[in-house]
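Q: Handing you this structure, nothing more for now.
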Amino acid sequence: MSQTSISSAPTALTPKVGFVSLGCPKALVDSEQIITQLRAEGYEISGTYDGADLVVVNTCGFIDEAVQESLDAIGEALNENGKVIVTGCLGAKQSASGSNLIEEVHPKVLAVTGPHAVGEVMQAVHSHLPKPHDPFVDLVPAAGVKLTPRHYAYLKISEGCNHRCTFCIIPSMRGDLVSRPVAEVMLEAENLFKSGVKELLVISQDTSAYGVDVKYRTGFWNGKPIKTRMTDLVGALGELAAQYGAWVRLHYVYPYPSVDEVIPMMAEGSFKGHVLPYLDVPFQHAHPEVLKRMKRPANAEKVLERVRAWREICPDLTIRSTFIAGFPGETQEQFETLLDFIREAELDRVGCFAYSPVEGATANELDGALPDEVREARRARFMEVAEQVSAKRMARKVGKTLKVLVDEINPDGGIGRTAADAPEIDGVVYIAPATKASKRYKVGDFVSVKITGADGHDLWGEV
């Protein structure tokens, strides 16, 4: 059972809810919001199936493997507990017959909702497990209940997406872009920093599009006007982070021209060191014909020019991206163009998926589907080239002294991350010496580490 137990003062009459959270960081934020509301209403969060009066499962439905994992988790919860409420992206998915997929596979579930549905989930919980008469709302921290370690947190700034990429079904499950009010985002960020968070990871389906749906409406924070726009929000978050000596990291940044305005914030002025020189930009491919079939921006030469311009302004910039190999119709020549792009762009961190048909995606209707073995071979070749590029860039860090955020302390020393490393998806820094590590620093501290070794993914160094 994959969930975080939240301590409280249980009584025999306290209703208890188990929680299973699957999927991406955006789904994790949904889980945090549901758990925060449960706690605010006086429910206890159980760490076991046996100790729970019912179980909520937050699902993922993006790719086939995630669908199966979610269905298996629902089945396990039904077997172990019997009372299950399902929410998340898979909850919005239909089966081939047109009925709700979850209800068709698991007809015994108590209720099913789609993603970002705190109100609907709470209604279902109330129906099957009435809330306590005297909830202690003031026991819930202002920052809400978080499922991440105390020193970092995800800050979701919008829901949904306006793009219609042919390989993606997210808009059909999460809808079009809906930006959160800028004052609401800033208040959450402030509460998180006050609670001890040292790193905020800004997430959404499309961070660059923040505010498009409200025409960049001006909001107010602490009496100051702030436009509902990515660059203005990043500036405000950077200013706030500087007050707490914290980091702000940007994820899911679609390569709009406005991104160019953010780079100087990473390189100079009062934001430097707080708005991290890190961009997570999902390029997906480099050949114009493949990008056209994906319905993605289709000019790799301009992308290369922008990457070079970004690095000229901010030499320490780390660029992470994701790609798809073996997309329908991709020729060997087009795949080689992708490899050339990786070599020329020298991206620091990349992930690659062998294309997999996703039920409901329009890419399934495209001609030229490739055999499984070809798709997987291209993915493996892509990662081989990407590893070579990454190892070359990582080697340049040897001998430098870098600021590291400590994530863990164990008998071998410390484990942390630099500004170039997002949690769980990027590399780590192994910190020596092991002796008296816990007396030198603690989890959530920033330490200066001299880098002594590197491979294509991780670094080694000494305090």
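Just so it is clear, glycine is given a Cβ too, placed from its N, Cα and C backbone atoms.
Here's the feature list from Swiss-Prot:
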DOMAIN    15-130  domain 'MTTase N-terminal'
BINDING   C24, C60, C89  [4Fe-4S] cluster 1 binding site
DOMAIN    147-392  domain 'Radical SAM core'
BINDING   C161, C165, C168  [4Fe-4S] cluster 2 binding site
DOMAIN    395-463  domain 'TRAM'
Q: Can you give me the average pLDDT across the domain 'Radical SAM core' (147-392), rounded to a whole number?
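A: Averaging the confidence scores along the domain 'Radical SAM core' (147-392) gives 91.
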Q: Measure from the CA atom of C168 ([4Fe-4S] cluster 2 binding site) to the CA atom of C89 ([4Fe-4S] cluster 1 binding site) and give the result in Å, rounded to a whole number.
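A: Per the Cα atoms, C89 ([4Fe-4S] cluster 1 binding site) and C168 ([4Fe-4S] cluster 2 binding site) stand 12 Å apart.
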Q: For C161 ([4Fe-4S] cluster 2 binding site), what is the secondary structure state per DSSP, taken as helix, strand or coil?
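A: It is coil.
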Q: Which of the three DSSP states, helix, strand or coil, fits C89 ([4Fe-4S] cluster 1 binding site)?
A: helix
Q: Just name the most isolated of the binding-site residues C24, C60, C89, C161, C168, going by other Cβ atoms within 10 Å of its Cβ.
A: C24
Q: Can you name the residues of this chain that are 6 or more positions from C165 ([4Fe-4S] cluster 2 binding site) yet have a C-beta less than 8 Å from its C-beta?
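A: Listed in sequence order: Q284, M294, K295, R296.
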Q: For the domain 'TRAM' (395-463), what does DSSP give as the number of helix, strand and coil residues?
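A: For that range the per-state counts are 5 helix, 32 strand, 32 coil.
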Q: Quick one: pull the CA-CA distance for C24 ([4Fe-4S] cluster 1 binding site) versus C168 ([4Fe-4S] cluster 2 binding site), whole Å only.
A: 14
Q: For the recorded [4Fe-4S] cluster 1 site, enumerate neighbouring residues of the same chain (Cβ within 8 Å of the Cβ centroid of C24, C60, C89, site residues themselves excluded), in sequence order.
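A: What remains near the Cβ centre is L22, G23, K26, A27, T59, G61, F62, A66, G88, L90, P115.
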Q: Which secondary structure state does DSSP assign to C168 ([4Fe-4S] cluster 2 binding site), in the simple three-class scheme?
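A: SS state of C168 ([4Fe-4S] cluster 2 binding site) = coil.
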Q: Cβ within 8 Å of the [4Fe-4S] cluster 2 site centroid (C161, C165, C168 excluded): which residues?
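A: Not counting the recorded site residues, we get H163, R164, F167, I169, I170, P171, Q205.
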